[in-house]
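If you check TrEMBL, you get these features:
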type	residues	note
REGION	1-75	region 'Disordered'
TRANSMEM	125-142	transmembrane segment
TRANSMEM	154-173	transmembrane segment
BINDING	Ser212, Lys218, Glu219, Asp248, Lys389	UDP-alpha-D-glucose binding site
ACT_SITE	Asp248	active site
BINDING	Lys390, Asp414	Mn(2+) binding site
ACT_SITE	Asp611	active site
TRANSMEM	690-710	transmembrane segment
TRANSMEM	722-745	transmembrane segment
TRANSMEM	757-776	transmembrane segment
TRANSMEM	809-829	transmembrane segment
TRANSMEM	841-860	transmembrane segment
TRANSMEM	872-892	transmembrane segment
Amino acid sequence: MLHGKMSYGRGPEDDDNAQFPPVITGVRSRPVSGEFPISSHAHGEQALSSSVHKRVHPYPVSEPGSARWDEKKEGGWKERMDDWKMQQGNLGPDADDYNDPDMAMIEEARQPLSRKVPIASSKINPYRMVIVTRLLVLAFFLRYRILNPVHDALGLWLVSVICEIWFAFSWILDQFPKWFPIDRETYLDRLSFRYEREGEPNMLSPVDIFVSTVDPLKEPPLVTANTVLSILAMDYPVDKISCYISDDGASILTFEALSETAEFARRWVPFCKKFSIEPRAPEMYFSLKIDYLKDKVQPTFVKERRAMKREYEEFKVRINAIVAKAVKVPPEGWIMQDGTPWPGNNTKDHPGMIQVFLGHSGGLDAEGNELPRLVYVSREKRPGFHHHKKAGAMNALIRVSAVLTNAPFMLNLDCDHYINNSKAVREAMCFLMDPQTGRKVCYVQFPQRFDGIDRHDRYANRNTVFFDINMKGLDGIQGPVYVGTGCVFRRQALYGYDPPKGPKRPKMVSCDCCPCFGRRRKLQKYAKHGENGEGLEEDKEMLMSQMNFEKKFGQSAIFVTSTLMEQGGVPPSSSPAALLKEAIHVISCGYEDKTDWGLELGWIYGSITEDILTGFKMHCRGWRSIYCMPKRPAFKGSAPINLSDRLNQVLRWALGSVEIFFSRHSPVWYGYKGGNLKWLERFAYVNTTVYPFTSLPLLAYCTLPAICLLTGKFIMPTISTFASLFFISLFISIFATGILELRWSGVSIEEWWRNEQFWVIGGVSAHLFAVVQGLLKVLAGIDTNFTVTSKAVDDEDFGELYTFKWTTLLIPPTTLLIINLVGVVAGISDAINNGYQSWGPLFGKLFFAFWVIVHLYPFLKGLMGRQNRTPTIVVIWSVLLASIFSLLWVRIDPFILKTKGPDVKQCGINC
């Protein structure tokens, strides 16, 4: 090592490979793709750091008789610097390697596949300082509020103080997980250099892609077809893609639509790859209002595009015909094309069904090239079994894919989330296949982006604050939470295995003296642990010797065998017929009985928001996740822009959080044993489960201004000049936190304000109902059934935005609007009647009343619908409002002189 360090770049006279460290001589030959000494072996890393990065001088010390060194000393400074720079990039003794393109490619492939991009200190440091300042000011404010009660309105004061304490607690849970936000960059060219080298087999890992659908009437088959087509056409080796469609409604409509989609894919996929179009979902591509000729140079593009668009229109007509036919179910049930009854005529009692539409046998496109595998799956359903909704369907897909293809990574998408960036999976592989950090990554989560939302995003459907601020903050701790779609998983992490563990470092350096003998033995033990491999292999050996695999994974020998194959793959001796038979077995409704499915492995049961639980269990085992935000959004979907549908969607999310809070997997008390979950990460998970409970203090706090205006009470004591400084400082720190947050995240102020408005709208409606329904479910066992959010698209642009659908969720916000408007009118009338001295306290009450009204303004617009189209329910509320206001008017009696004077008998004529 010493001689290699001193001989580095000495010249041709020392050309002896044996004189160099192993890492330097090793790079002279071409290694296998994906395997490089520096990144794969700890010894190689040590050698490189010793021989390259720790050299003190660019040249060794001059030796007597060294003619070359003497000549260099006589040369100019510029020549010596140029020679030193050349030697810095040369890893071998031959200068010719510096210009070798293979060497340059190897050097590029050795580099990391991704890197963290920290937020600029000029942006993040002021943000953290304001957070600390706000925390201190908040502590002084709460202290002042508690120590200065309002005796003439003690009840109102107590309610307001309790609400403010809860708001402070909720703010801490939400704010501090955003302390370490980061961005990330990926290097797709390095991924190709490392795993797709010319003349060698492609080393990219296979990926199984899951798409789930239930009701074809609410999730139109054309939407699902576009998602499937974007998957089949994505930029990834076709022999490493397998697309599985879970039809949990066992609908023949979905089955026949998928058959048509497979036929159309034979022409659509080669068209996409030939001209590199984006996005690769035909509906979205042909509806783009941009210059589609930009960057296109092939003369045949226009002709082929017109032909493809015509074929897609014909494809849409065939799909619409299938949908129209399926509206009315025949009395005898559906009949398949071969004359046999459709097995899923009874959607709640049918056998498991698997159909391979595209695959290695016969799955060729119009140009004779291979197509990715496309598999239709509908799991068995029988009365008396609990099927666990989407989580159960996803677990069935895990087992089916493990038997048929067993890819080491899995991407799950909702049926309306198409691939908008054809290189999205490659972006995820930059993290999951990184040889240094990838093996500890359980999943890569992409942000959700949506089409068809109005420009102003009235109901915060884009959820930009969460995806662009909160998720970036979590990525700097232990990783983002799993949000249900657009996520690439490591299969081994879903199987309940712990992440690999490297060698542990001893607490002190050992020596040969007597007190350190024990430490020396521990060090050798750790060294042996590091040499033999990772904790994953040890976990598997322990399971083989101490556990019953059938109890954990179920009674399927083929599936159990697949769980031990970390790199994936199917045994070559297995026949397709045997694999299909086993695949039918693993989706039977009784397969999960007395196993760990849904408890410790797969998608976790116990909540309608199974995504939060699944990610939480992985983080508790010590895995970390990655947040990937490519410049071109990876996936895009549809969002409910209608007010009623949006509130019902938020209700479902909030109820799932309440269920998790009362379950045994609650982040408040679960996951402390291993100590693998970081504290700020736990704060974020606790916040995801307790945020619906904020609806109770929020509803009370939004009612207080109206009560104070109507009763003339005030919940604040007389404020001194010193105390007023804390109030002003609190408001300034609140605004400063928001502004600095927008500065480092890039979120616009309009998006932030829409998020604040909908936080109040959802908090006093959907979150409130979620808490009530969650308590009823826990205490009384009353369950609530939810319908799937409609993915149908209105023919008119944003036509659904103005559609009014009455639901009980609209009652609390409407009531709050009415009583605050009445309170404002009553308060101003009372102030005019009582004179100048009552205007001072009135301004504070009016400020909070207007705060409530401004936050509920989008709700008011949604309640009114289109202009000149006032719903009947609004008229009813208006009559109610007029009645309440009339009664209050009689009670207050504004503008009427008081005829009763003082009692002259008691106080005299000069009273």
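Even glycines carry a Cβ here, placed using N, Cα and C.
In TrEMBL, annotation is done automatically, which means it is predicted and not curated.
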_With CB pairs under 8 Å as the measure, which of the listed stretches 125-142, 154-173, 722-745, 757-776 comes out on top against the transmembrane segment (690-710)?_
757-776
*Count the CB pairs under 8 A between the transmembrane segment (125-142) and each of 722-745, 757-776, 841-860, then give me the winner.*
722-745
*Can you name the far-off residues of the same chain, 6+ from the ends of the transmembrane segment (722-745), with a Cβ under 8 Å from a Cβ of it?*
119-120, 123-124, 126-127, 130-131, 133-134, 137-138, 140-141, 144, 175, 178, 181, 468-469, 472, 752
*Just report the maximum Cα pair distance in Å for the recorded UDP-alpha-D-glucose binders Ser212, Lys218, Glu219, Asp248, Lys389, no decimals.*
16
*Take the C-alpha atoms of Asp414 (Mn(2+) binding site) and Lys389 (UDP-alpha-D-glucose binding site) and report the distance between them in angstrom, rounded.*
14
_Under 8 Å by Cβ from Ser212 (UDP-alpha-D-glucose binding site), counting only residues of that chain that are 6 or more apart_ = Ser246, Asp248, Lys390, Ala393, Met394, Leu397, Asn412, Asp414, Cys415
_Highest Cβ count within 10 Å among the binding-site residues Lys218, Lys389, Lys390: which residue is it?_
Lys390
_Rounded to a whole angstrom, what is the C-alpha distance between Lys389 (UDP-alpha-D-glucose binding site) and Asp611 (active site)?_
12
_For the C-alpha pair, I'd like the distance in angstrom between Glu219 (UDP-alpha-D-glucose binding site) and Asp611 (active site), rounded off._
20
*Around Asp611 (active site), how many other C-beta atoms are within 10 angstroms of its C-beta?*
24
